[in-house]
Amino acid sequence: MMESQSVLSNFLLFAGGLAVFLLGMKSLSAGLRKASSGRVAHLLSTITGNPVSALLSGVAATVAVQSSSMVMLTLIGLVQSQILTFSQSLGVVLGAEIGTTMMAQLIAFSPGEFGLPLFALGFFLSLIRRQRVLSLFGEAISGLGLLFFGLKLMGMAVEPLQSSPQFLSILTTLDNPLLCVLAGAVMTAIIQSSGAFIAILITMAQQGVLTLEVAVPLMFGANIGTCITAAIGSAGSVRPARRVFLAQLMFNVTYVIVFLIFLPPWLDLIRAISPSDAAGGLARQIANAHTFSNLFMALLFLPFLPQFGRMLVKLLPDDPDEMGRIPAVWHLRTSALATPEVAVGLARLEISRMNKILGRMASALPVPFIGGGNGRDLIYKRLGVSEGLMMREEKLDFLEQKVTAYLIRVMQEAVGEPLIREAAALMALAKEIESAGDVVETLLADFPSGKLNVGLTAEGKAEIERLHEQVCREIAAMNLAIEEMSPRRASAVIEEGKAFDRIFFDLGFSHMRRIKSRSESERTHDLHMELLRALDVLHHQAMSMARTIVGMTADRNA
């Protein structure tokens, strides 16, 4: 009875220590990420085609945020947004694998006694709100303290295992390195942190309950298991972004195969170059095995990255239509935020792109109803017209969120009132365009083109086409007005739009007169009026955008 209570209390102590450790790791990573204030993304976004500089950037970024998973997710996002190419990302993947080993080296020093003092220091520093950077570093230091304290708790929990017959019998089943690799991969995938799993291994080694022959294959498995985060992050991305995950997975699988083949001589080499004083020496040997194996494989892969990249492209070839179908920003650059004037210019280009997407939607809007609903998208031939409209509506939703978040950061950096006003006006334009896209979504939901039993009359089609051409001209004219934020061009759009109301009311009365004498007009009345209403809303959205630009200029000159 006493023994079972002891096992339970040790298990709870270990679970609590692991929770404190993971909380500390999360706090450490969050504090460092906030303190770097987007510098990691900026660092990665400035990578050139030089593989060595890409590798060093990957090392620096991973050490800076203490999370290879965060670096991989950032990298996938940059490739998804076409800020980086797939080939440029390969060196960063190798660098992240090296950078992630630094925490293991630190943990091997047995820093558990420093946990609570560091937590106290970091906590009090985080209270200094007037010094934001100091406060954020305080958050990171307190996280490091929790991390160390969690390690100490886990060490206390596993210490009795060295004399436990049951645990020793479990270890004998792990004599098979392949089984160790599988166990390490599964455990790391569950907790989604290779750093946390390797910290557990080192802690157990410090208590003398693990051998190097068991710990190193478990560590190899952790390198494979950590790929789960990139797999989740790349799901639904464009193929170049998914190839980033594939590169990490293939690199780590190759790494494991190579070192399993040469495991005995590799372990002998690690023992020869590492201290061997009891448990502390074993912890250092595990940390060194982690660092040197990742470093060796990264340097081995580095000269062959072009060939490696071409092989991955063959395994997962590009889809010519995919980059256009999947939402991605084209113009926004995190690096430009340091110069708000440049960032605002990039936001204009992105919003002008949104308006062009809206223009394509407006151009295709009547086709499912006037063209019989069987047409194909003009650009993406694999999609039907309705599918193309919905794909672009999702793009507008995505871009509006990204542009708004970007402009909020611009406003936080901007100094002058005119720049803040322009950023606010651009946010309003992005929202107007997104709202216009919702009109198309609503129309398609109310009138699925495949379920229409009767088409519009010839006269009705001609009327819709006439109004449709007017709206398309207005939206197209807004492109340059947005790019230049030109009140002159915006005023011209407003003048162009004055003809709309007259045409709209004329066509409405014409349709009502037709209903009296034509039964088919009565049957298609709802569809006809909803098409007119949708075009009317698109017109008023265009006018609202034009007035926003004119009004911003008037405020600036007031």
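Just so you know, glycine gets a Cβ as well, placed from its N, Cα and C.
What TrEMBL says about a protein is an automatic prediction, not a curated fact.
Residues annotated as transmembrane segment in TrEMBL: 106-128 (among others).
Per TrEMBL, the feature transmembrane segment maps to 140-158 (among others).
Within its own chain, the transmembrane segment (178-202) is flanked in space by residues 18, 21-22, 25, 66-69, 100, 103-104, 107-108, 147, 151, 154, 210, 214-215, 217-226, 228-229, 256, 260, 283, 286-287, 290, which lie at least six positions past its ends and keep a Cβ under 8 Å from the stretch. Residues or ranges marked as transmembrane segment by TrEMBL: 178-202 (among others).
Taken from TrEMBL, the feature transmembrane segment applies to 214-232 (among others).
Feature annotation from TrEMBL assigns transmembrane segment to 244-267 (among others).
Counting residues 6+ beyond its ends, the transmembrane segment (287-305) has Cβ neighbours under 8 Å at 51-52, 55, 87, 90-91, 94-95, 97-98, 100-102, 104-105, 107-108, 198, 202, 212, 215-216, 219-220, 223, 251, 254-255, 258-259, 266-267, 270, 273-274 in the same chain. Taken from TrEMBL, the feature transmembrane segment covers 287-305 (among others).
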Remote residues contacting the transmembrane segment (106-128) - C-beta distance under 8 A, at least 6 residues beyond either end: 134-152, 155, 198-199, 202-203, 206, 280, 283-284, 286-287
Intrachain residues whose Cβ lies under 8 Å of the transmembrane segment (140-158), provided they are six or more past its termini: 10-11, 13-14, 16-32, 35, 107, 111-123, 125-126, 199-200, 203-204, 206-207, 209
